[in-house]
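Residues or ranges marked as substrate binding site by Swiss-Prot: Asn66, Met95, Tyr124, His163, Ser185, Arg186, Gly187, Asp226, Gly227, Leu228, Arg229, Glu265, Tyr292. As annotated by Swiss-Prot, Zn(2+) binding site applies to His269, His333, with the evidence given as sequence analysis. Taken from Swiss-Prot, the feature [4Fe-4S] cluster binding site covers Cys409, Cys412, Cys416.
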Amino acid sequence: MTQMLAARAGEITTAMKRVAEKEGLSPEFIRQGVAEGSIVIPANINHRNLDPVGFGKGLKTKVNANIGTSTSFTDIEKELEKLKVVLEAGADAVMDLSTGGEIDQGRRRIIEESTIAVGTVPIYQSFLENRNKRGSMIAMTADDLFEVVERHCSDGVDFITVHCGITLEVLERIKKQSRITDIVSRGGSFLTGWMLHHGKENPLYEQFDRLLDICLKYDVTLSLGDGLRPGCLADATDRAQIQELIILGELVDKAREKGVQAMVEGPGHVPLDQIRANIEVQKTLCKGAPFYVLGPLVTDVAPGYDHITAAIGGTVAAAAGADFLCYVTPAEHLGLPTLEDVREGIMASRIAAHAADIVKGIPGALEWDKKMARARKALDWDEQIKLAIDPQRAAKIRQERNPDGHEACTMCGDFCAMKIVAQYLGKEPESC
């Protein structure tokens, strides 16, 4: 029985209790959210060491980190090092987007070592296996694709990105439009090439019930991918993007009817003033399904700093109702991220998520900031570092810039505003 079916039957599962504990909410609140589909708990029955987390309405905004090999860098050990960074940096989920090396072996090791939800994009592996075995990615059959989907699910993957909303009708609209970047989704581009070459409908759409049966078997959450997400600001919120979203909303209904949990993925590159509208349209068309956004990036001109452009957009998106942020690293649009890139990307997205949670009124969000303010007022450096979203970085900078442990920071020194004002207000801060 899936989490959704259990919730509808009135059962509060162990996973629901754990999510409630983490969120500081009642188990009944979580059960109701899962039952109606506004909350998902990705928790494959075969992911044995998972510490479940919930995404959705009324919960803290969550952060995903992407790792995985490429055709140029196939070392799974390096990706497992990234997984350690992902866990240490506090991400809530990780996606293995591997496209090189021993993909099955790497995925299984990531699942084995990950205590957070693991997601994948099965179509990557299906196309690559066909290229290697038959000499062409477009030699893939629908059976090939669903075999890989089941392989991922049976291994213990908690959620899968599937680009079900790209249909032949939608592609006709793309042809008529004047997009600058056309299709930037890797899975979306693979499917588009296959569909146009064969003149056939998207098997993930055409055989959606088959997909649901696999997810039902392992309690895998669907992450309905936005294969037509905008790849630049100029392409944002166009007809093709919205048409795909309409289809995804219809598929959310079908998944819920079957008892399969579903969330929806979103853009992408979006001008700041269009972000709220994108969230509101998704929440309406998809009937409150959790929204998982990539960024959104609010400008196209900042390669090397796209973790910042994504954090800006992610804050606005989450404050408007997005539930789950996919991190973007400084290496976005440039290359495979390093360990430090992964850490920076997670921290940028976590900052965005927390800033939005304050606006959302999430329990405990503002209190965290109040605790930091009190620690700063008291010049309590140990407490400030303890409360920092990245204590490791805060401690490092403090030690490097103030090795002698002076009470004030080296920015203000004897002219510390906290000390001066406290002196005249009769509220002398305690020495750290």
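Just so it is clear, glycine is given a Cβ too, placed from its N, Cα and C backbone atoms.
Here the features listed in Swiss-Prot are painted onto the structure.
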residue	record	contacts (Cβ under 8 Å, 6+ apart)
Asn66	substrate binding site	Val94, Met95, Leu97, Cys326, Tyr327
Tyr124	substrate binding site	Leu97, Ser98, Thr99, Arg186, Gly187, Phe190
Ser185	substrate binding site	His163, Gly225, Asp226, Gly227, Leu228, Arg229
His269	Zn(2+) binding site	Arg229, Pro230, Gly231, Cys232, Leu233, Asp235, Ala236, Gly295, Pro296, Leu297, Asp300
Tyr292	substrate binding site	Phe55, Asn64, Ser223, Met263, Val264, Glu265, Gly266, Ala322, Asp323, Phe324, Leu325, Cys326
His333	Zn(2+) binding site	Pro303, Asp306
Since the record lists Gly187, Gly227 as binding-site residues, which of them has the fewest other Cβ atoms within 10 Å of its Cβ?
-> Gly187
Widest Cα pair spacing in Å over the listed substrate contacts Asn66, Met95, Tyr124, His163, Ser185, Arg186, Gly187, Asp226, Gly227, Leu228, Arg229, Glu265, Tyr292 is 20
Can you tell which of the binding-site residues (Arg229, Cys416) has the fewest other C-beta atoms within 10 angstroms of its C-beta?
-> Cys416
Three-class DSSP assignment, Tyr124 (substrate binding site), comes back as helix
Using DSSP with the three-state reduction, classify His269 (Zn(2+) binding site) as helix, strand or coil.
-> strand
